[in-house]
Amino acid sequence: MEGLVTLILAAGLGKRMKSKHPKVVHKVCGKPMIEWVVDAVEEIGSKEVIVVVGHKAEEVKEVLKERVKYAYQEVQLGTGHAVMMAEDLLPEEGNVLILTGDTPLITSNTLKELINFHIKEGNSVTILSSVLEDPTGYGRIIRDKSGNVIRIVEDKDATEEEKSIHEINSAMYVMDIAKLKKALRMITNNNAQGEYYLTDAVEIIRDMDGKIGAFTVPSEEITGVNSRVQLFEAEKIMRKRINYRHMENGVTIVDPDTTYIGAEVEIGADTVVLPGCVIEGKTKIGSDCEIGPNCRIVDSEIGDGCSVTYSVILSSKIKNNVKIGPFAHIRPETVIQSNVKIGDFVEIKKSIIDEGSKVPHLTYVGDAEVGKNVNMGCGSITVNYDGKQKHKTVIGDNVFVGCNVNLVAPVKIGNNAYIAAGSTITEDVPEGALAIARSRQTNKEGWVQERIKKGRL
């Protein structure tokens, strides 16, 4: 919105979180709380965003980097004091949207409606309010007999009569900047907490003949996060929003209550997500896939028509029509091309598996290039580590690797080669060759009976 400046208060200690980290960097559905707020503000086109930081400021700056400007509140002396610390960064006129960094559930639609209401009503201050069944802990909106807002009283300073009011202050506002700057010079810390309340500025602006209004929204959006329990509650609401959005876009989520999908995940239409899945980071999943049950996928790309069952995929790329699992572990920097099968109890690490190949079960492939239409037998492994360094295995196209084979890297297997079961391969295998590297079998007939006679069995 043209000319709008946003001020986000994020300097609090967050003592109830019992954490060494600032409250606002704790994550909701994989994204720091403060980032949810900044995202919502950017969606409405705020001209400038200023964040007031204090406690562990560097951690907040590490999250937001250069997306915003910063003001510093070295000592936490209340919300009014926090705004004072940013006063020099505010223009002389216009409107400022004041938000808190611990309200990740606020949406851009609500902010647009709040600002439009403020402008339409010609208010000097518009308070974002809500009606709570239990308003304990929140400041109350005090209205006169005509319903006009006259002031806000903090919970700790409220009388018993005022505490019976259920309309609460969310600590989010739109304010006329010129009037706000005048009011900041007049507020005092003469209250139970010895702090400078921004709420006092509301009453001062009213006394300047400024019009005060309140825009009421559902309580869900203004919920602040002050403890781990409230973090869980916010997470639950956000997870429901995310899951419902995917379902509305054509994704089947069989049990949304047991499905965790991060904020930045993309999923194509007609994909089915079964119970117990955790899909995080910047993961992209194509159409017509079946994911789960009980999978974890992080920062990975999965193409169309794939099946992933009881498996973990980390920072990897999976092309189309790939079957993975059950109980496979795809580790970072792996690329699996189309029409590949990765079966049960298989681990793939930093490797390329080319089209049409099969790694069906009980196999480790690390630091390897596996060609097209390769079959890796049960129990086959690439021996990639010599105790100091990792080494590469290269397997050509149409190679058959028998069961219980060790490929000791660095080693190359030529196209169309066969590796006999039980072999430990330490040298390159030529194209089209059969490699056998195992001891000959020796049968000692009558050995068992002889041992029995001697009392040794």
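One-based numbering along the chain as shown.
Each Cβ is built from the backbone N, Cα and C atoms, and glycine gets one as well.
Among the features that Swiss-Prot reports, region 'Pyrophosphorylase' is placed at 1-228. The feature UDP-N-acetyl-alpha-D-glucosamine binding site is assigned by Swiss-Prot to 9-12, Lys23, Gln73, 78-79, Gly139, Glu154, Asn169, Asn226, Arg331, Lys349, Tyr364, Asn375. Swiss-Prot lists Asp102, Asn226 with the feature Mg(2+) binding site, giving sequence analysis as the kind of evidence. Annotation source Swiss-Prot lists region 'Linker' at 229-249. For 250-457, the entry in Swiss-Prot reads region 'N-acetyltransferase', with the evidence type sequence analysis. Annotation source Swiss-Prot lists active site, proton acceptor at His361. Per Swiss-Prot, acetyl-CoA binding site is recorded for Asn384, Tyr385, Ala421, Arg438, and the stated evidence type is sequence analysis.
Non-local neighbours of the region 'Linker' (229-249) in the same chain are 17, 26, 28-29, 33, 36, 104-105, 220, 223, 256, 259-263, 265, 267, 269, 273; each lies 6+ residues outside the stretch with a CB under 8 Å from one of its CB atoms. In sequence order, Val52, Thr79, Ala82, Val83, Ile98, Leu99, Thr100, Gly101, Ala171 are the residues of the chain that are 6 or more apart from Leu9 (UDP-N-acetyl-alpha-D-glucosamine binding site) and have a CB within less than 8 Å of its CB.
Nearest to His361 (active site, proton acceptor) in space, judged by Cα atoms and limited to the binding-site residues Ala11, Asn169, Asn226, Asn384, Ala421, is Ala421. Separation of the C-alpha atoms of Asn226 (Mg(2+) binding site) and Asn384 (acetyl-CoA binding site): 48 Å, rounded to the nearest whole number.
Confidence over the region 'Linker' (229-249), given as mean pLDDT on the 0 to 100 scale, stands at 97. In this structure the C-alpha atoms belonging to Ala421 (acetyl-CoA binding site) and Asn169 (UDP-N-acetyl-alpha-D-glucosamine binding site) are separated by 73 Å. Counting residue by residue with DSSP, the region 'Linker' (229-249) contains 20 helix, 0 strand, 1 coil. Tyr385 (acetyl-CoA binding site) sits 61 Å from Asn169 (UDP-N-acetyl-alpha-D-glucosamine binding site), taking the C-alpha atoms as the reference points. Taking all protein chains in view, 12 other C-beta atoms sit within 10 angstroms of the C-beta of Tyr385 (acetyl-CoA binding site). In this structure, the binding-site residues under consideration are Asn169, Asn226, and the one with the smallest number of other Cβ atoms within 10 Å of its Cβ is Asn226. The Cβ of Arg331 (UDP-N-acetyl-alpha-D-glucosamine binding site) has Leu314, Ser315, Ser316, Glu347, Ile348, Lys349, Lys350 as same-chain neighbours under 8 Å, each 6 or more residues away in sequence. Its own atom aside, the Cβ of Tyr364 (UDP-N-acetyl-alpha-D-glucosamine binding site) has 20 Cβ atoms within 10 angstroms in the protein chains shown. Residue pair Asn169 (UDP-N-acetyl-alpha-D-glucosamine binding site) / Asp102 (Mg(2+) binding site) shows a Cα separation of 15 Å. Note: the Cα of Lys23 (UDP-N-acetyl-alpha-D-glucosamine binding site) and the Cα of Asp102 (Mg(2+) binding site) are spaced 7 Å from each other. DSSP assigns Lys23 (UDP-N-acetyl-alpha-D-glucosamine binding site) to a helix.
Of all the binding-site residues listed (Gly78, Gly139), Gly139 sits in the most crowded Cβ setting, with the most other Cβ atoms within 10 Å.
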